[in-house]
Each structure stands twice: as structure tokens, then as C-alpha cells.
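Visitor: After the C-alpha cells below, expect a handful of questions from me.
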Amino acid sequence: MNMLKRVHWLALLVLLGSSSVGFAQTLTATPVKPSGVYAPGEAIEWRVEAKGNAATTAPATVNYHIKKGGLTVIKQGKLELKEGVATLSATLDEPGNLLVEFTLPGVMGPDKKPIRALAGAIVAPDKIQPSAPTPEDFDSFWAGQIKAMSAIPANPKLEAAAAKATKDGRPPFEYFKLTMDSINGTHLYGQLARPKKAGRFPALLLVQYAGVYGLPSSNVVRRAEDGWLCLNIMAHDLPFDKDEAFYKEQSNGPLKDYVRIGNEDRLTSYFLRMYLNCYRAAEYLAAREDWDGKTLVVMGTSQGGGQSFAAAGLHPKVTAMLANVPAGCDLTGDQAGRAPGWPNWPGQSWGRDKAKVVAASRYFCATNFARNIKCPVMVSAGLIDETCPPAGIAASVNATQGKKELIVLPLSNHHGTGNAQAAFYVKSEKWLWELLNGK
């Protein structure tokens, strides 16, 4: 999937020039019920609209495929459009999700693929269950890995550095580069910022979405200006402050398809170091004298969401978790007839022993970490997200043991096109403000 950089055609409003017929086509699809959330057996409706331009009439028909769990086609056909508009209905009698794909017959975009629009629905999200049980030795495996890491001194090295304020007039801060030792001779690289004053502060750990790239200082500076002791770590064994060419070389070289590295064995998986570093980062924050001893939050998007589940599930001092469209959820989802979350371990098994890949994946599944999470969590799921499907995310949230809130994003693909993830960002800032102020 090329590290999530693959372009997803816009599912809310797709406007493409059709090279096959020479005029623009517009295709939109939305749920009739704005929330996109339904009860079992409740009628689900989507509205689809197709338009031409001033030089042509609107298309007469649109094709559709309805996929249960975003994976299994349960209904397909063609809709007649009246003045460019049609409504499609379906029902689902059990907890889960539906994803419908609309396409314009015979009309191709510049990529020579059909112009399409997506719409979704989720049914009884609070009742969706994980697709597989947790491995019996899941906890003992991770306890052993943490014990082995704890035998390796972290040797934290802080280097004071310059960083720009996010805007004039904001409270002063201190900024540092952080390096720590990790497993197998690797390192943890990150950046840390804190308010420039005496005191003890609530801590915030930021973990990163997929890809190979550096970290802007603003990630931590803006949080330190707000009053956080904030640490932002790399997902890779790489410094965070190199130039773009460095990361491009790594992405095209040793870290190309990094999600597949060692994926036949839990001990060689690329995610082992990544997730253990989340634990080490939380441990580092909790050991600092300027931590307030009360609040330790972990937050991330996509791959960072998966890391957030790992940190909160492994480290008992994490007091809250926020995850936007998290990856790594319900990695065995295909066993329950629904699409698994990124990085879709079963789909990354070409040239490998698939049974071994799937077996290893269970030790990195957010759903299994979730069962050990007792702190409050807030998590979002996009109903047209084909990368991190909503049913697996809901199952992971339901597996947590404490206060939980699932924010359903009815119009969101994975990248939140059209500001479709705004509800999460607004609510997460409210949560962070309350946590910062001890509420």
C-alpha cells in the first residue's frame, strides 16, 4: 500500500476530468441519516448524485456494490438516476458495517479507472466484537519483552536545541532532542518540549502515522506552550531532524515496505521495536522529576493510533488514550468476513508463509492490547475508510475496560478529505484541555 501514501479517490465528492468522453463528471454519495449509525434491522439509505457539465446531460445510471464489513459483496446492481439522483437501500441485522461503492458505467478518470464514490453505515457499533480471541500467551509474551528491554539501560541523552514558537506572545518553552538506547542495538529518537518554568507538568506522548519522514518541532512546541511536558517519538530507528532526501532514501531503500520486515515471527517483526519504544517513551516520561505524577496521555493517528493502543495496553501509568482512525485494529478481521485493519497482515503475506504471518500479527493487534486498557479512551472511525475499517476499530474500543468514546465520522475516508475528521480534532482538543487542567 506504499506506506499509506497511496492516493484514495475522494469518496465524498469526486470531481475528475474524464479522458474517455472529454467532459467533467461529478459523483457524490452520502448517507440519508447524517450520523451513519443504525440499529440492527433498521433501513439504511444512501443518496447518490451524478452530474455532467453544461456541455452534456447527467449520466442516466450508476453501478453499485454493497460490501458487508467492507470485504464481502452482498448486493450489486445498477440504479436508474432521475435528474441525476437515486437512493439505495439496505439492511444489516447484526452489528457490523456496510460499505457501498458507486461507479459511473463507461466513464473513466485520468488514471483510467472508473470514477467512484463511497458511502458507509455502521450498525450497533457498541456491540461489535473482536474477530478472534487473544492468544493465551499474549500477556506473558509482552511481559517477557518488557523485562528484556528493561535489562537494557535507556541511557537517555537530552540535547538542548533551538525551536520556533508557534506564534508571537505564546508562553516560553524549552526544547530538546532526545536519544535513548533500545533493543538489538537500536535507538529511540524523539523531541521533547516543556514549559520554561519551574514545576511539574502533565505529560503527553505523541506517536506517528505511517511513512518515513522527519518531525517538525511544532508537534511538541505547541503542546509545551499549552502547559504539557510533551514527547514526540519516531516510529523508526532514525534521527528525526534530517533533510527530506535522507528520509526518501530510507523509504526507497532499507525501509521500503517496512511493515513486511520479519512479519513471519513476532520476535522479528518490525513492529516489535516500534511498540517497545512506545513503552520506553512512556516509562521515560513517568520517571522524569517534572512529570506531575498524575496525567500521562498517549495520542496518535493511523499507525500512531495503533502505537497508542500498544502504549496504553502495556504501560500502567498511561491515564488516557486518544486515537484517530487507528491502524492495527482487528488484524484477523477477514476471519469474521470483514476487512482487517492496516497494515493488513494477511495481505502482506505474499512470498511468505501466510499462517505464520497471521499468527505473528495477533501479538501486534490493537484489539488484543485493548483488553488491558483501563484508562479512558477516545477513538474515531471513518465509515468510508478502506485503510482502517470502522468495524475493527469499534471492536477494539469495545474491548477496552474503562470509559470509552467512539467518534463515528460518517463522511471520512482514511485521510479525512474535506475536513471529514473535524469532529475528532474538536473533541480531542476538548479532552486534552480537560486533562491538562485536571478535569
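Cβ atoms are placed via backbone N, Cα and C, with glycine included.
This is the feature table in TrEMBL:
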SIGNAL    1-24  signal peptide
DOMAIN    129-330  domain 'Acetyl xylan esterase'
BINDING   Tyr213  substrate binding site
ACT_SITE  Ser302  active site, nucleophile
DOMAIN    354-423  domain 'Acetyl xylan esterase'
ACT_SITE  Asp385  active site, charge relay system
ACT_SITE  His414  active site, charge relay system
Visitor: Whole-number answer please: how many Å between the C-alpha atoms of His414 (active site, charge relay system) and Tyr213 (substrate binding site)?
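Guide: Tyr213 (substrate binding site) has its Cα 19 Å from the Cα of His414 (active site, charge relay system).
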Visitor: Around Ser302 (active site, nucleophile), how many other C-beta atoms are within 10 angstroms of its C-beta?
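Guide: 25, counting other Cβ atoms within 10 Å of Ser302 (active site, nucleophile).
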Visitor: Looking only at the domain 'Acetyl xylan esterase' (129-330), what is the mean pLDDT?
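Guide: Mean pLDDT for the domain 'Acetyl xylan esterase' (129-330): 98.
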Visitor: Going along the chain, which residues six or more apart from Asp385 (active site, charge relay system) have their CB under 8 A from its CB?
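Guide: Looking at Cβ-Cβ distances below 8 Å from Asp385 (active site, charge relay system), excluding near sequence neighbours, one finds Val325, Leu409, Ser412, Asn413, His414.
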Visitor: Quick one: pull the CA-CA distance for the residue listed as 'substrate binding site' versus Ser302 (active site, nucleophile), whole Å only.
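Guide: With distance taken Cα to Cα, Ser302 (active site, nucleophile) is 15 Å from the residue listed as 'substrate binding site'.
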Visitor: In the domain 'Acetyl xylan esterase' (354-423), how many residues does DSSP call helix, how many strand, and how many coil?
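Guide: Split into helix, strand and coil, the domain 'Acetyl xylan esterase' (354-423) gives 31 helix, 12 strand, 27 coil.
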Visitor: Can you count the other CB atoms that lie within 10 A of the CB of His414 (active site, charge relay system)?
Guide: 23
